[in-house]
Amino acid sequence: MSKIVKVIGREIIDSRGNPTVEAEVHLEGGFVGLAAAPSGASTGSREALELRDGDKSRFLGKGVTKAVGAVNGPIAEAVTGKDAKDQANIDKIMIDLDGTENKSKFGANAILAVSLAAAKAAAAAKGMPLYEHIAELNGTPGKFSMPLPMMNIINGGEHADNNVDIQEFMIQPVGAKTLKEAVRIGSEVFHNLAKVLKSKGMSTAVGDEGGYAPNLGSNAEALAVIAEAVKAAGYELGKDITLAMDCAASEFYKDGKYVLAGEGNKAFTSEEFTHFLEDLTKQYPIVSIEDGLDESDWDGFAYQTKVLGDKIQLVGDDLFVTNTKILKEGIDKGIANSILIKFNQIGSLTETLAAIKMAKDAGYTAVISHRSGETEDATIADLAVGTAAGQIKTGSMSRSDRVAKYNQLIRIEEALGNRAPFNGLKEVKGQ
């Protein structure tokens, strides 16, 4: 009953108005899985390739008809007749057929959409929710947890048209007892932040991930206005709410220095920027920093891990790009202590699960993440619960492409009850 009978690819639109790939996988018995590939703005150079058409007369070159053609042609042909429940085999067939190191023939966007759609179809055929099927694929059947959200309430860097260098300033509602309560706390702080910004004559326009994108006097000012909003919402910083940042430092790494426009174009060495971040962690309860240096600055990361790694979570995103080969090298060299998981960086569900397992086996944490270009597809919510990853990044409290994931988590928590504990701050490395 789980044999694939039809695969359909189509070009749809993501949250930035750019095209992306959606795939439908149909099984015997009428079961269907539907999934869409997300798309990043600040991308690691070693990510699997997102195939775009490059035809400037259509969608400014960002069309995905080549990737969709791969889904409807060679991929559909190769997986039709195969068992969708055998995820590893489905993914291997596509990866082998593509035959490139970075999925550049068909595009990671094509392969991932089919990979996720196959998983959803298989879950339907088994008569179980996707998170339950993922737990079985992960070799951890029946083991679930609700993730602690990192809510990106101030957007900067590549995610916003403002003067803030650091890409994401996030709150973690660690005082919550449930995911649903964490969402409520996040919402209350988000709305209070709007009031704080308005009172200072600042913009409340939002960036790609639904957080506010004001122009600020410095990067530290972003933390200061968040602290004000937390207090205004009736919560205590450090007790009810902790902070996290994604520096996306590769985006302001120029000629071996970290050049911060928001700090008067000051240039920092790796060591100096590490101490700049360390100073911020002394002023505010920052418990997690992502991509605190450039993806190629491994010596700098070794230093940063030595200075900060036993105190806070250091997450590798552009650094590791959800790739087990690169992650293994990082683990062997003691670089960072956590990995960001974005399944379009690697391009299949099987490889994503392998990266999560490798991280956990090494004592690293795994943070499940959206991309800045998203759709209504909420698969990452099921991925976070089904792997008991413990943490999720899926944006702020606005934009339905972000909120779709929180709403799916609320539904899952309701369905699982105490089978899926919400562990809060205990999920964060070093806390």
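All residue numbers here begin at 1 and follow the chain in the order shown.
Just so it is clear, glycine is given a Cβ too, placed from its N, Cα and C backbone atoms.
If you check Swiss-Prot, you get these features:
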type     : residues                               : note
ACT_SITE : GLU209                                 : active site, proton donor
ACT_SITE : LYS342                                 : active site, proton acceptor
BINDING  : GLN167, LYS342, ARG371, SER372, LYS393 : (2R)-2-phosphoglycerate binding site
BINDING  : ASP246, GLU290, ASP317                 : Mg(2+) binding site
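In this structure the C-alpha atoms belonging to GLU209 (active site, proton donor) and SER372 ((2R)-2-phosphoglycerate binding site) are separated by 6 Å. Binding-site extent for (2R)-2-phosphoglycerate: residues GLN167, LYS342, ARG371, SER372, LYS393, maximum pairwise Cα distance 17 Å (rounded to the nearest whole number). Taking the mean position of the Cβ atoms of ASP246, GLU290, ASP317 as the Mg(2+) site, the remaining same-chain residues with a Cβ inside 8 Å of that point are GLN167, GLU168, MET245, CYS247, ALA248, ILE289, ASP291, VAL315, GLY316, ASP318, LEU340, SER369, LYS393.
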